[in-house]
């Protein structure tokens, strides 16, 4: 009887572990709110703003025999639908365009990394690092 109880406990914990690993521990690819920074060399300020970006988990695979078969392309969380918004940097000298444009995620999907439109690297240690003093946060959603 104890062996049966142990087996049942092992099964329940195993199923719970699988269920938990697919839940909130790995959020799927989706738009999330993020604070970004914008500045230009000629303008004296840095503006932080909140917008929606694509982030989250995409299923990836690696071949067991990479020597025989070519590598599998890894999919990343990237924009499916987007629009562009702009912020105006105050205090820019005449002749310097004060506008900075950025994408706003409307929907996301897992797809190939296109370096022309996607930052395929990992998380940044200092995503809001600016050379100029920051102004208060602006919200763009």
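Including glycine, each Cβ sits where the backbone N, Cα and C put it.
Residues or ranges marked as signal peptide in Swiss-Prot: 1-20. According to Swiss-Prot, the blocked amino end (Ser) annotation covers 21. The feature disulfide bond is assigned by Swiss-Prot to 29-77, 43-92, 46-130, 54-108, 58-110, 113-120. Among the features that Swiss-Prot reports, N-linked glycosylation site is placed at 33, with the record citing experimental evidence.
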Return the single residue from the disulfide-bonded residues list (43, 108) that has the minimum number of other CB atoms within 10 Å.
43
Between residue 108 (disulfide bond) and residue 43 (disulfide bond), how many Å separate their Cα atoms?
33
When the Cα of residue 33 (N-linked glycosylation site) is compared with the Cα of each of the disulfide-bonded residues 43, 46, 54, 77, 113, which one is closest?
54
Check: min Cα-Cα distance from residue 113 (disulfide bond) over disulfide-bonded residues 43, 54, 130 goes to 54
Cα-Cα, residue 58 (disulfide bond) versus residue 46 (disulfide bond), nearest Å, comes out at 32
Which same-chain residues, if any, lie at least 6 apart from residue 29 (disulfide bond) yet have Cβ under 8 Å of it:
54, 55, 56, 57, 58, 77, 108, 109, 110
Residue pair residue 130 (disulfide bond), residue 92 (disulfide bond) - Cα distance, angstrom, rounded
16
If you tally other C-beta atoms within 10 angstroms for each of the disulfide-bonded residues 46, 54, 58, 110, the top scorer is 54
Comparing local Cβ density (other Cβ atoms within 10 Å) for the disulfide-bonded residues 77, 92 points to 77
